[in-house]
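Following: one structure in structure tokens, then a few remarks.
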Amino acid sequence: MVNWANFISQCFNGLVLGALLALISSGLTIIYGTLGVLNLAHGAMFMLGGYAGWVAYTYSGSFLVAVAAGSLFVMLVGIVVERLIIRHFYTRPHEDQLLVTFGLSIVFVEAVRFFFGSLSKMVPPPGPLVGITPLGFMMYPTYRLALLGIVAVALLALYFVLYRTRIGMIVRAGIEDSVMVDSLGIDVYKIFMLVFGIGAMAAGFAGIVNAPVVSIAPDVGEAILVQTFVVVVIGGVGSFPGAILGGLIAGQIISITSMFNPGYAYIMLFVAMTLVLVLRPYGLLGAAGRE
Amino acid sequence: MSMLDVTGLNAHYGDSHILFDVALRVDRNEVVALLGRNGAGKSTMLKSLMGVVKPSSGSILFDGEQIAGRKSHTIARAGMQLVHEDRRIFGSLNVEENLVLAGLTAKGRWPLDRVYEIFPRLKERRTSRGTDLSGGEQQMLAIGRALVRDPKIILLDEPFEGLAPVIVQDLVRTCRELAMAGQTIILVEQNIAAALTLATRAYIINNGHIAHEGPTGEIRAQPELLQRYLGV
């Protein structure tokens, strides 16, 4: 028999997880959409955001500084990696791109393990957000509620940049047809660098704001990477609204299945992905005809 | 000095050799047609000029500047625009955004109203997304997007293909007006009648080689040329 209080609380957990997955996935999907590179190091970016934030927190004691440091550090890592490595792979086969980004993720994970060890680290939530909030029908951790708001604001910010600014217009055009953007006199390689930076930052930001919920460890990005891929496939590759819808769906699937049997969470996730691939091969909100 | 002076141009797609030592010259204010069968190398020629396909060797002097092997955005900034055969409109952007985007890095950018004067239909549809446009409207937008940049030369790849005859008439008239105003154009077109009336000079390209070059009047007077190389 289903315990309804438990069920609703799981739905909330699913919503928080879903919003987080939506944010990380939108980073991955705009990178793939624009650059055509499937970034297997995206999970490592999530992890790096957590660690950079943790380091900043240890020195400053401020959660805000931790969030800023985590996001900016990962954006910088993204830009440097794109300039030094990824850009040499745009004209190479997809296998090479997968191998190099996979290699990068191993380097990042092992570098973190080398410097910080394998034991997990905790960043506590900021003071006012500690504790539990009564919602009338249930009690819910305050920070998780706040996290929902934080991620929603981040997604809105990303939406604003993508849909209300010149740069966003160029990025959306680049997701569709980067060659044409270049033919219109816009240096598309600069846009690639920026997109890689912003995409990585989305993951890094998610990594640090999630740290008070799930403690960080060097391998924390691996599970996230798998889930993020499923989200992108479900939502439609290159689609920002698709990443959000896919994220919310995946969050609920994982959360609700876990209530019955956590072992089946991934199975259900992949079942959902398979169904989408069978019924709508380009994803729920994806455009047909993409390469 | 010619606006465009191409010599010894070779281009490949993967392992297959598409263009063989092509030479081509376009003067300022001139409209030149590039004729040939499907697969003769016409589109590849235009793409090589624009830097979309990287030429394997050869020289492309554009207004005195060597542009062979340069990136497309550099070539675009030097004043060249290619209107692709498949138009390549950004479907998720609306008409106005497509035009604004095109003008962002142009030196002598046109005011949008000037484009709307040429294509009033685009003004009516300026908030429609690219995916919602008809074929004719997409073609107008593709040409408008090139014009916004006030290019020194426009390369038109089959601008009349797949459009209703009425729309083709309109577009031909527009192209003629542009030519009268002094716009330099290279026109690739299967509609040979339209191409020969718009252009003053034509090149016939066959299997990646320039087979013939001359004034369009001369080509029209030699039906055996068209018969041999174009099958008409």
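Sequential numbering from 1, following the chain as shown.
Cβ coordinates are placed from backbone N, Cα and C, and glycine is handled just like the others.
The transmembrane segment annotation in TrEMBL covers A:12-33, A:63-86, A:98-116, A:143-162, A:188-209, A:229-251, A:263-282.
Simply put, out of A:12-33, A:63-86, A:98-116, A:263-282, A:12-33 has the most Cβ pairs sitting under 8 Å from the transmembrane segment (A:143-162). A Cβ distance under 8 Å defines the sequence-distant neighbours of the transmembrane segment (A:98-116), meaning residues of its chain 6+ beyond its ends; these are 37-41, 43-45, 47-48, 51, 81, 85-86, 89, 218-219, 221, 225.
Using a Cβ-Cβ cut-off under 8 Å and counting only residues 6 or more beyond its ends in the same chain, the transmembrane segment (A:12-33) has close neighbours at 39, 42, 45-46, 138, 140, 144, 147-148, 151-152, 154-155, 158, 162, 171, 174-175, 195-196, 198-203, 205-206, 209-210, 213, 224, 227-229, 231-232, 235, 237-240, 242-244, 246-256. Distant neighbours of the transmembrane segment (A:229-251): 14-26, 28-30, 32-34, 155, 158-159, 162, 175, 269-270, 272-273, 276-277, 282-287, 290; these residues of the same chain sit at least 6 beyond its ends, with a Cβ under 8 Å from one of its Cβ atoms.
For the transmembrane segment (A:63-86), same-chain residues at least 6 beyond its ends with a Cβ under 8 Å from one of its own Cβ atoms are 35, 37, 41, 45, 48-57, 97, 100-101, 104, 123-126, 192-194, 196-201, 203-205, 207-209, 211.
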